[in-house]
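This report refers to the structure that appears directly beneath it.
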Amino acid sequence: MALPYHIFLFTVLLPSFTLTAPPPCRCMTSSSPYQEFLWRTQRPGNIDAPLYRSFSKGSPTFTAHTYMPRTCYNSATLCMHANTQYWTGKMINPSCPGGLGVTVCWTYFTHTGMSDGGGVQDQAREKHVKEVISQLTQVHSTSSPYKGLDLSKLHETLRTHTRLVSLFNTTLTGLHEVSAQNPTNCWMCLPLDFRPYVSIPVPEQWNNFSTEINTTSVLVGPLVSNLEITHTSNLTCVKFSNTTDTTNSQCIRWVTPPTRIFCLPSGIFFVCGTSAYRCLNGSSESMCFLSFLVPPMTIYTEQDLYNYVVSKPRNKRVPILPFVMGAGVLGALGTGIGSITTSTQFYYKLSRELNGDMERVADSLVTLQDQLNSLAAVVLQNRRALDLLTAERGGTCLFLGEECCYYVNQSGIVTEKVKEIRDRIQRRAEELRNIGPWGLLSQWMPWILPFLGPLAAIILLLLFGPCIFNLLVNFVSSRIEAIKLQMEPKMESKTKNYRRSLDWPASPRSDVNDIKGIPPEEISTAQPLLRPNSAGSS
């Protein structure tokens, strides 16, 4: 039986311990060699004073490197710290970590994908892999008497690993926190082959950093390499003493760490190039920024997974973009009845295919049972022949000195189960023939009916709204015209009276003061004009 991939991986990465424990490691310092990195929100492009906090003041701190080139030491010995094996040796090159003549410790294995050039880390990995392969070969080659079928180990293998469940739960929790939609039906997929981790830069507004570190051990060096970086803008960059380009357009915020070794809180990493670091020694040749690391997980909606499984041209997907996974759900809601009809047809087709698959499974079970019956007949025939040949010595079991094994034929149970499966398949096929793809649409009617009322109101408003508006406009216009017609006789009567008083001459009998419509001031001014006419007439 082949060992599962994840179990084999964990077995290879664990160092082997000998009976004689190595001496304790001496890579200790009296004062804290590292500080935790803190900062405030800064304006883009500005470099403010560093904010950091020291830990383990006055207490020794163990420091080890995750990678040590073969050219940095002549010899290396094993040492022990916190029940973990490390390598230790003196540096022979001034450019190596620590400097010339300094005793430095590094990890037993380097990380995956990195080689120290044939040094002790590569040799230890090769040795341990050979030991594991030898143990597996010995286990598989060792023969033991048959004692019945034991499926307990198979169940343990098939059981989901605890760390894998924790990884899925953490990813799902983060997905719910950052996604605008609250996804409930989705598929979270991990690749079977090895793929690099994904780097997500720390956002500018992130300030949720822990201020406590519970360990006194520091690992300096890359932890993961060959990262896949999702975004290259709005980065929180780190300014070292040898950094010259502080006007990089990709960096929206700059932070300045101390010059000695410093570490980030748990869950945050320095990404320099394509490698991730937990601690740095205050200098780096490439630009570094703060980032989160997430596994190469892909999020699918049900429709996306269907499109991915069916035989269509497959486009490359970006892993763990959980923050845009609601596109399929929103598209289904936006298309309305059309999308519901498409989904109904898809489920109808899937039900028919599943029915056919169950039929083939039933046929396979019948075929396997026939093979078992044939094999059992052959075994019983051989058993009778062996009993006849070894009858003088008491039979086959006594001749071998083992317990006698007997075959219990349970083909009737298998036949009965297959008959039940066939009955279910036939009943399901009849239901699908009676319902049809459009019959499944009736199951969606309780969801469609609440939308029909508002939809009908909108359609009626669009159809009859312009007519009603025109009627209202015509009614208001007619009322205004009627009011104008009622007011015109009064206005004309007043105008006629006023014109008659000024234009017509006064009669000889009438008095000047009897003129209507003329104010007293106008009458007084009109009297001198009338006297010459009266004198001329006389």
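Positions of Cβ are set from backbone N, Cα and C atoms, glycine also.
Predicted, not measured: the structure shown is a model, and the values here were computed from it.
The feature disulfide bond is assigned by Swiss-Prot to Cys186-Cys189 (among others). Every protein chain shown contributes to the tally, and the Cβ of Cys186 (disulfide bond) ends up with 19 other Cβ atoms within 10 Å.
Residues near Cys397 (disulfide bond) in space but far in sequence (CB under 8 A, at least 6 apart, same chain), listed by position: Glu403, Cys404. Among the features that Swiss-Prot reports, disulfide bond is placed at Cys397-Cys404 (among others).
Through the fold, the region 'Immunosuppression' (380-396) approaches residues 404, 407 of its own chain, all at least 6 residues removed from its boundaries and within a Cβ separation under 8 Å. Residues or ranges marked as region 'Immunosuppression' in Swiss-Prot: 380-396.
Residues annotated as region 'Essential for the fusiogenic function' in Swiss-Prot, with similarity to another entry given as evidence: 465-484. The average pLDDT for the region 'Essential for the fusiogenic function' (465-484) in the predicted structure is 88.
Residues annotated as region 'Disordered' in Swiss-Prot: 494-538.
Marked as motif 'CXXC' by Swiss-Prot: 186-189.
Summarising the annotation, Swiss-Prot assigns motif 'CX6CC' to 397-405 and lists a curator's inference as the type of evidence.
Per Swiss-Prot, the feature signal peptide maps to 1-20.
The topological domain 'Extracellular' annotation in Swiss-Prot covers 31-443 and is backed by sequence analysis.
What Swiss-Prot lists as topological domain 'Cytoplasmic' is 465-538.
Annotated transmembrane segment per Swiss-Prot: 444-464, in sequence order.
Within the same chain, residues at least six positions away from Cys189 (disulfide bond) with a Cβ under 8 Å of its Cβ are Met297, Thr298, Ile299, Tyr300. The Cβ neighbour count for Cys404 (disulfide bond), using a 10 Å radius over every protein chain in view, is 10. In the three-state DSSP classification, Cys186 (disulfide bond) falls within a strand.
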